[in-house]
Each structure stands twice: as structure tokens, then as C-alpha cells.
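Heads up: the structure comes next, in C-alpha cells.
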Amino acid sequence: MNVSHPSVHPVEDPPTTDGGNPPRVRMKDIQGMPGTLGGLTLRICQLVFAVAALSVMATTSDFPSVTAFCFLVAAAGLQSMWSLLLAIVDIYALLVMRTLQNNRIVSLFAVGDGITSTLTFAAACASAGITVLIDNDLQGCAANHCLQFETATAMAFISWFAALPSFLLNFWSLASR
């Protein structure tokens with residue numbers, strides 16, 4: 001008689017939550033993170049305000065004479081290119097319904113957002129200082145484009161305010177892994 005005997009495989013007990021560490025629960029789709037609709041909204045806001053700052057500053061004829069204004073144009077250009085690239089990535093992720101929670105992707109986004117937001121903030125602060133100098137201290141707004149300088153500086157600050165949540169959410173997601 002040739003009968004097979006069933007083999008017994010041990011089954012592990014589920015982990016108990018009494019006295020032990022409970023399993024970690026992670027929120028996967030926090031709005032504002034890459035690949036979400038909130039993240040795409042933040043990227044579009046960053047892009048719009050960075051392009052506005054770049055356009056307003058570049059339309060003035062005497063911005064190249066001040067280094068801080070040149071720095072603002074460079075930082076706004078970098079911010080707009082970075083935001084456009086990541087907006088395209090977010091649109092793709094939303095269309096194919098994929099989350100962008102890979103460690104390498106999140107770390108790349110966090111580093112890129114950190115660099116571009118820091119540069120945008122520094123350029124906006126430097127430009128704000130120069131516009132205050134021209135307007136209040138030198139009383140030279142009649143000979144310069146103060147309104148355009150102030151508008152471009154305000155747009156750069158708003159672009160930074162839109163870039164900061166993206167950086168913080170990506171950095172928080174990376175640090176919580």
C-alpha cells in the first residue's frame with residue numbers, strides 16, 4: 001500500500017500587541033507628497049509663481065546691474081525648471097495610478113526641493129533687501145523699476161511658500177522610513 005502521508009507545517013502565531021511593539025502603520029497617500037493631487041497642485045503653484053517672478057524681473061531693463069536681481073532670475077529659473085519636471089512626473093504618476101514612495105525617488109525629491117527652495121528663499125531675501133535699499137534709503141524709485149522689483153520679489157516669496165511644504169513632506173517621509 002503506497003499512501004502518502006500529509007506533512008505538517010508549523011504555523012507562526014501572529015505577534016501579540018500586549019507588551020510588545022505594535023506594527024507600524026504608515027499613511028501612504030498624504031496630499032502634497034509626490035504622485036498625489038495635492039503634490040501636483042503645489043508643483044503648479046511653484047511653477048506659476050517662479051515663472052511670474054522670472055518674467056517680471058526679466059522684463060526690466062536694469063536688473064543685470066544688481067547681483068541680487070541676477071541671483072533672483074537664476075533661482076526662479078531653476079525653481080521653474082525643477083517644478084515643471086516634477087509636475088510632469090506627478091501627472092504621469094496620477095495617470096498610471098502609481099505612488100512615488102520609492103526611497104531613492106523620495107530622497108531625490110527631498111534633496112532637489114531643499115536646494116531649490118533654499119536658493120529661492122535666499123534670492124528673494126536678497127532682492128527684498130535691495131528693493132528696500134533703493135526705495136527707503138536711496139529714495140531712488142523714480143529712476144528705477146521699484147514696482148517690478150517688488151512684484152518679482154513677492155512672487156519669489158510666494159513660490160518659496162509653495163515649495164516649502166513639498167520639501168518638508170518629502171523630508172518627513174524620508175525620515176520616517
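The backbone N, Cα and C atoms fix where each Cβ goes, glycine too.
Record features, source TrEMBL:
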DOMAIN    33-162  domain 'Casparian strip membrane protein'
REGION    1-24  region 'Disordered'
TRANSMEM  40-60  transmembrane segment
TRANSMEM  66-96  transmembrane segment
TRANSMEM  108-134  transmembrane segment
TRANSMEM  154-175  transmembrane segment
Long-range environment of the transmembrane segment (66-96) - Cβ separation under 8 angstroms, sequence gap at least 6: 34-37, 39-40, 43-44, 46-47, 50-51, 53-54, 57-58, 60, 109, 112-113, 116-117, 119-120, 122-124, 126-127, 129-130, 149, 152-153, 155-156, 159, 163
Within-chain partners of the transmembrane segment (108-134) [C-beta distance under 8 Å, separation at least 6 from its ends]: 34, 50, 66, 68-69, 71-72, 74-76, 78-79, 82-83, 86, 100, 140-141, 144, 146, 149-150, 152-153, 156-157, 159-160, 163-164, 166-167, 170-171, 173-174
The domain 'Casparian strip membrane protein' (33-162), counted residue by residue under DSSP: helix, strand, coil: 106 helix, 1 strand, 23 coil
